[in-house]
Ligand SMILES: Nc1ncnc2c1ncn2[C@@H]1O[C@H](COP(=O)(O)OS(=O)(=O)O)[C@@H](OP(=O)(O)O)[C@H]1O
Ligand SMILES: Nc1ncnc2c1ncn2[C@@H]1O[C@H](COP(=O)(O)OP(=O)(O)O)[C@@H](O)[C@H]1O
């Protein structure tokens, strides 16, 4: 705790929000290479949850790296800070009773573990969007792999910057050879029971 910072004990607690909403907020943390399917699956899953009546919010590169984190680049230290801030923001959303879906590469195990610790293990669901780099590169949704191979993007994850594979993800989605609908079905089956 920082010196002279004394948090106020507000009257409405998380348990009050849970009772009112009728579901448990969670942080659903998608991790995987660029092009693995994080945004596609987080978005499809959010639509499903939203239509089922859950309060949801997605944090992803576009809405975070262009605003809150626009001072950060793709050096290791910036990626660490990126994930630290996202975990802190997610914690606030979870405390507000929202089901949060994050879609960041989040390449380092220690940072994902820190996010888990911050919101509490019971509130954190790590989803490994497991797609071989060859498949991501073939998809090349944004043309970034071609640029990285051409030496135009330094420190590109999977090429000259590491991705530390999750060892014990809560949910493991293998997207190669699987349709978005099939992957979504797996997410629904494995995660929705945890929100009850
Ligand atoms: N050097 C480098 N390495 C990886 N990715 C890069 C890089 N430069 C730009 N991009 C684009 O930024 C998106 C990844 O941002 P993240 O905030 O998710 O990255 S990280 O978690 O901090 O590692 C990533 O988006 P996704 O494709 O959605 O993963 C890329 O579009
Ligand atoms: N089973 C699947 N799950 C998710 N995406 C898939 C799947 N099969 C093919 N794709 C395609 O792969 C691409 C993934 O891109 P995107 O969601 O932007 O990845 P990321 O957010 O991880 O960078 C999309 O074009 C999507 O349609």
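Each position is counted from 1, following the chain as shown.
Backbone N, Cα and C define each Cβ position, glycine as well.
A TrEMBL annotation is a machine prediction, not a hand-curated record.
On a predicted model such as this, the values are computed, not experimentally measured, just so you know.
Record features, source TrEMBL:
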type	residues	note
ACT_SITE	106	active site, phosphoserine intermediate
BINDING	32, 33, 34, 35, 36, 37, 38, 39	ATP binding site
DOMAIN	26-174	domain 'APS kinase'
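Feature map: TrEMBL annotations on the structure.
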residue	record	DSSP (3 states)
32	ATP binding site	coil
37	ATP binding site	coil
106	active site, phosphoserine intermediate	coil
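Long-range neighbours of residue 35 (ATP binding site) (same chain, six or more residues apart, CB within less than 8 Å of its CB): 131, 135, 136, 137, 139, 140, 141, 142, 144, 145. In sequence order, 60, 61, 103 are the residues of the chain that are 6 or more apart from residue 39 (ATP binding site) and have a CB within less than 8 Å of its CB.
Every protein chain shown contributes to the tally, and the Cβ of residue 38 (ATP binding site) ends up with 27 other Cβ atoms within 10 Å. It is 32 that, of the binding-site residues 32, 37, has its Cβ surrounded by the most other Cβ atoms within 10 Å.
Same-chain residues that are not part of 32, 33, 34, 35, 36, 37, 38, 39 yet have a Cβ within 8 Å of the Cβ center of the ATP site turn out to be 30, 103, 105, 129, 131, 136. Residue 106 (active site, phosphoserine intermediate): 25 other CB atoms within 10 A of its CB, across all protein chains. Within 10 Å of its Cβ, the residue among the binding-site residues 34, 36 with the fewest other Cβ atoms is 34. In the vicinity of ligand 1, defined as a Cβ distance under 6 Å, the following of the binding-site residues 32, 33, 34, 37 are placed: 34. Under DSSP, residues within the domain 'APS kinase' (26-174) fall into helix, strand and coil as 66 helix, 28 strand, 55 coil.
Around the Cβ of residue 33 (ATP binding site), the number of neighbouring Cβ atoms within 10 Å comes to 24.
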